[in-house]
Every structure is written in C-alpha cells, then in structure tokens.
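Let me begin by presenting the structure, written as structure tokens, before commenting on it.
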Amino acid sequence: MDISPAEISGILKSQIENFGVEAEVSDVGQVLSVGDGIARVYGLDSVQAGELVEFNGGIKGMALNLEKDNVGVVIFGEDRSIKEGDTVKRTSEIVAAPVGKALLGRVVNALGEPIDGKGPLKDVAARSQVDVKAPGIIPRKSVHEPMMTGIKAIDGMIPVGRGQRELIIGDRQTGKTAICIDTILNQKPTNDAAKSDKDKLFCVYVAIGQKRSTVAQVVKVLEERGALDYTIVVSATASESAPLQYLAPFTGCTMGEWFRDNGMHALIIYDDLSKQAVAYRQMSLLLRRPPGREAYPGDVFYLHSRLLERAAKLNDDNGNGSLTALPVIETQANDVSAYIPTNVISITDGQIFLETDLFNSGIRPAVNVGLSVSRVGSAAQTKAMKKVAGSMKGELAQYREMAAFAKFGSDLDAATQRLLNRGARLTELLKQPQYSPLLMEEQVVIIYAGTRGYLDKVALKDVTRYEKELLVHMRGAKKELLAKLREKKELTSEIEDEIKKALDDFTSKFA
C-alpha cells in the first residue's frame, strides 16, 4: 500500500485528534492502622463527612472522623483483609441505598444488597442518601388517620396514627417483636382490599443486632401468612460489624421515606434501637470520641432524634403520604430511667410499656395500661372505636387501684364489687394470642360487649370462649353488620341498635 508523504501528516493528525486520555484521576490515601472495624487513613484531604470510601478488594467504608492529620473510617464488613499501607480510594458518594417497590418481599443487608438468595434487585426506582434531613414544619400535617395494629389493648387505649412515632419498650422476652409482627400481619386484609397503592400500608422491618435464627423465623412467619409481599426486611445481625448495625436503621428509613414522599403510606419498625446505640458507642469509643453518660457519646440523642424525626405525616401539597415509626427499646430489669430509654421516650409521641410480671401472669400482650400512653390519642381512632373504648382506660385504672385495696378488706359495697367485676372481665377480654390480629369492626363489637356490661354475668373463665364464639357468630350470621361498620367507621344509632340486638341474642344463648 503506497502512502504519499503528503498523506502521512494527515493520518498522524487524525490519530492525534482521536487520542483520548483514559487515565482516571482519583483521590487516594493510605491505611495507617486498622483494627476493630476502624481504619485510620492518611491522605484523602478533601473527603466529605459520611462519604463512602473503597479499600482494596472492594470493601467499603465510611469517613466519620475528619482530623488534622488523618481520617477515621468505619469499615462495612470484615477488616481482616485490610492491611497497613493499603490504598484507600474516595468514591465522591455519600452512603446511599436502593429504594422503590422492587424491594418489597426482599431481605437486604444494611447497604441494601439482597441476602435472601432470590437474585439481584430488578427495576430499582432510584438510590437515595441514607442520612437526610427530616421534613420541616410546613410540609407536615397533624396525625389524624388510624394505623391499626390489630391488638385490642393498643387500638382501644393507646392508639397509633399514621405518621406517629410510638415506642415499644420492655425487658427481653416480653413480646415486643410479637406486637410488631402482628401489626405487619394486620395490614394484609386492608392491603388486599385496596384499590390503589395509596390505600395500602407498606412495611419495613429493620432487625438490628438480632440472632440470625430470630430474623429467619420472622421472615418465615411473614412469608407463610402472605405479608412479605408488602414488606421489606433490612437485617444487620449480631454477627455483623458495628458500623453495619449503626447504618441499618438509616437504610430502612430511606426505603420507607420513598413511599412517604410518593404519596403512599409506610410503617417502619426498628427492632431494636438499644443495639444500634451500643454499636454507635463502640464505634465512637474506637474513634476516640469523648464518652458521656454510660460511656455513650454525647451525640447519641441526636443519633435517634434525627432518625425518628423522619417519620411524619405530610400535608396535601406534599402528597399526603406518611411514615409511621415503631421503635423498640429493650430495658434492663424494667429500668425506664436509663439513658437510652429516657432519650427515646422524650423523642417519640408515646410509648407502649410491656412488663415481665404481666407477661408471666398470663396477660399477653403484657401492656401496662397505666404507664403506656399515646400522645396523639383519640385523633388516631375511628369514631366508632373512640365511642366504645373511650371509658376503658379509666375503668381499668380504677380497677387496678381498687384491686390493690380490695386485698385488705372483704366487705365491699355493691358499686366497688361491680367495678372489680367489670375490671377483671375487661382485663381478660384484652388478652390476645400471637399472630391473631383483629379487624377494627371486630374489635369495636368485642370492646362494646365488655364496656357495656354484656360480660358482667359471664364467668371469668368463660370470657375467652365468649369472645371466640362471638367472633364466629359475627363473621357468620352478622357479616353484613360488620361490613356496614367497616364502611361507616362510626357508631350510628342504627348500627348501635343492631349491635345491641346481636349481643342480646348471642348472650342469651351463650352458656
């Protein structure tokens, strides 16, 4: 092939013009020391706080301490393969997680990567930063719609509304997780009947520092009962590093916020935040931040407040969505005045206090009605529930007070005897087995029977049987009445007359 000298310069010019500088410029540093999930890195002068960095072998970490001569990085995963002198690379990304409906029915880790063996996530809507600012005051609206848990004691006396933060607090083995799982299961009938996604309630369950077997059991229950279809499970188990246990609640919250910001409703459960605080304490002490009370760092209050403030009910201009939070805190020997419990009690809009003594005496769910409170109150109840359950909390409080005195005296007047009689039956009526949440209209009928004296003549040992048989009767012969109550959501005089008639008929036949 002959090329004339005149063409040579033209060919060289075109080659030079097409020459690309493919070299990648990245900001790198070196590992000075590593241990206990923390790496000290030299270099990375322009790294941001909370930025994701990458070690050799693809292990990720987050820059938390920005000091004069080094950067403290917490490592997401095993630190065994990281050695002194290794290169660390900036990614210029703040820690983010995948969001959207593609995550429903999946189990993911604290970084949003699937760990359920069902393959990679498909059609992820976006990736969102995990630690963002909570909505301000103007975009919010006061809580006014009920978020039904399906548990009579809670929906009747300590109602939770959409957009509320209600703390579940108690010692180990008092049924805290059981309440959370029942709440998720209770959304199934509503979600199945929903015409659009805006009528559904999507759930996010964040397991922090729990045993793998416990998380597997929860997932199994949700799957068997068809509740995993509208639930995302985020898991950072006890065997995972402290940074991942610290991060998991933020990742879960971001996934829940996507529903809230797109005009839908979501519920997030943090099980439990005590373990997140312990993980954060471990990280902070290893990063040599000064310890405060109980050796927790000074900003442990801010850790939980910025997380829980992201649960909100948005107003009409912002799509009307909501994110409801049920944080769980484990106490030691019922000590509610420890540092983390008092912090979270002061951040949330009420607490459900579970007691070992009640649990052991067979009152389950073991809710202490005296210490539990919802600061939203009856605004988060349907009109029907407000009407039938309004007096119940007061009656039970009076009953407990009287029961304490009744131990001393045997000759009680008729009114006191009536009060004790009614209180004992209400306490019995509020017991509920696990995995059997009730619909709002069923609860209204049962509580109506209790507070309006239909049980006063029923023997105490027969109360549970009365309730079971009443439910069968209502779901069978009276299902139109339940449907009417579900639709109207209030106790009109016509519906009340029908309930009275149904209860009169049933009670007269009950034996």
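Using N, Cα and C of the backbone, Cβ positions are placed for all residues, glycine too.
Annotated ATP binding site per Swiss-Prot: Gly170, Asp171, Arg172, Gln173, Thr174, Gly175, Lys176, Thr177, in sequence order. The secondary structure of Thr174 (ATP binding site), as reduced to three states from DSSP, is coil rather than helix or strand. Cβ contacts within 10 Å of Thr174 (ATP binding site), excluding its own Cβ and spanning all protein chains shown: 27.
According to Swiss-Prot, the feature site 'Required for activity' maps to Ser372. DSSP gives Ser372 (site 'Required for activity') a coil state; it is part of no helix or strand. The local packing around Ser372 (site 'Required for activity'), expressed as other Cβ atoms within 10 Å of its Cβ over all shown chains, amounts to 22.
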The binding-site residues listed are Gly170, Asp171, Gly175; by CA-CA distance, the one closest to Ser372 (site 'Required for activity') is Gly170
For Thr177 (ATP binding site), just count the other CB atoms lying within 10 A of its CB, please. 21
These are the binding-site residues: Gly170, Gly175. Which one scores highest on other Cβ atoms within 10 Å? Gly170
Fewest other Cβ atoms within 10 Å: which of the binding-site residues Arg172, Lys176 wins that one? Let me know. Arg172
Can you tell me how many other Cβ atoms are located within 10 Å of the Cβ belonging to Asp171 (ATP binding site)? 18
For Gln173 (ATP binding site), which residues of its chain lie six or more apart in sequence with Cβ-Cβ distance below 8 Å? Thr356, Phe359
